[in-house]
């Protein structure tokens, strides 16, 4: 009897919703919408598409429907653009119109409904947060202030690998050590602190919470409840876990880092030995002036833990994997550094501009294995036109940035890992968005400001490793597995492979 009642209730809801949608369409504004599959009432195209909206699946739809298409996912409009011309329109020409961020039930939890910078809507709060975060994080002065620390952390990785006897025989999962390096690089900038080892209890706790946050946020498991509000009650358990993880992370940031820095400030100078403040000092200054509140401070820390640490780590891991699988390219990188810098001279940040082949390897890694292949989703607040089509207000706009430089119509043999392309036919292309066929960091007002940190960190880390060790697949294998794992808008390697690292002798 209960089952029969449930079936009748669901059927009644379905019929009522169908009627409501039909009436709304008859009475509402008539749009010329982008092409796409025909949706069914309530569910839209969700039943056919499913939850996994990764960059490769969306590329397949672009091949069917064109450079702009619309997926009606439940009650959400999802517009995907897949050409350089339309990417320019969204990110540059109409950057104000498309400059907001879409809401999401899970990201609302992790960002306090947009109290951060990355996921807030376009407006005064975003401008304020961007300004407050730029000085302590995203300027050349920051690069010059902290580059010695980055070089020291990379040197520490090299020494640990060289001193690990197993590394040169059976191999090690080098990603674990690189993860510690990335945390130390960013926590030096944020708090003038570092973790001594992978076993540091605070590091273990922090890494676990950040990992759980990433898993929950990047999963496609919750899409159905985000797309179809009447199904949201089924997400109750998932959202409860998200809130618990969010609360534990923010409490950890507050207790162990922000409050500790405040205590130091009350007892002694918080400037470093060279008289320069770390990032949290600048942010707390803004808080004292009343520009931001306590929660904003914590959500800034939240953004850096995710946006800066994870994405750069993924790119380093991808770069190493490609060099392991392309020994000829690895040898060319090594030969260039030996020739230009001299054998044994460890690469530094000022050296990077002298090493065009190393730079080309980094660009090629970001092209083929883009860490954020769909960029961070955009949203329009009104009803603009795009390529002659009407885009309904509050649509989720995805730029398939991965497809732009992997489309054979625009790039020569894009499926190949070939750094030479950036020294030959694509020598003018940079990672800063000067060519709309290649946007690893986006472009325009909502582009990733972390480019100024990511590129030198990638160059120093990959350069130091290649200089000092031969990176090889494990015994019995000719290559390592580079299968992808895509998330809501992330792309990282599926399996953290074991890599043999044989020390070089100079």
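Quick reminder: no glycine exception, Cβ is built from N, Cα and C everywhere.
The transmembrane segment feature in Swiss-Prot is assigned to 3-23.
There are 22 other Cβ atoms within 10 Å of the Cβ belonging to residue 213 ((E)-cinnamate binding site). Feature annotation from Swiss-Prot assigns (E)-cinnamate binding site to 213, 214, 215, 216, 217, 218, 307; the stated evidence is similarity to another entry.
The Cβ of residue 448 (heme binding site) has 23 other Cβ atoms within 10 Å, all protein chains considered. For 448, the entry in Swiss-Prot reads heme binding site, with the evidence type similarity to another entry.
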Practice prompt. Go through 216, 217, 307, our binding-site residues, and report the one whose Cβ sees the most other Cβ atoms within 10 Å.
Written response: 217
Practice prompt. Between residue 213 ((E)-cinnamate binding site) and residue 448 (heme binding site), find the distance joining the two CA atoms and give it rounded to the nearest Å.
Written response: 20
Item to complete: Write down the Cα-Cα distance for residue 448 (heme binding site) and residue 218 ((E)-cinnamate binding site), rounded and given in Å.
Response: 18
Practice prompt. Between the Cα atoms of residue 216 ((E)-cinnamate binding site) and residue 448 (heme binding site), find the distance and write it as a whole number of Å.
Written response: 22
Discussion item. Over all pairs within 213, 214, 215, 216, 217, 218, 307, the annotated (E)-cinnamate binders, what is the largest Cα to Cα distance, rounded to whole Å?
Written reply: 15
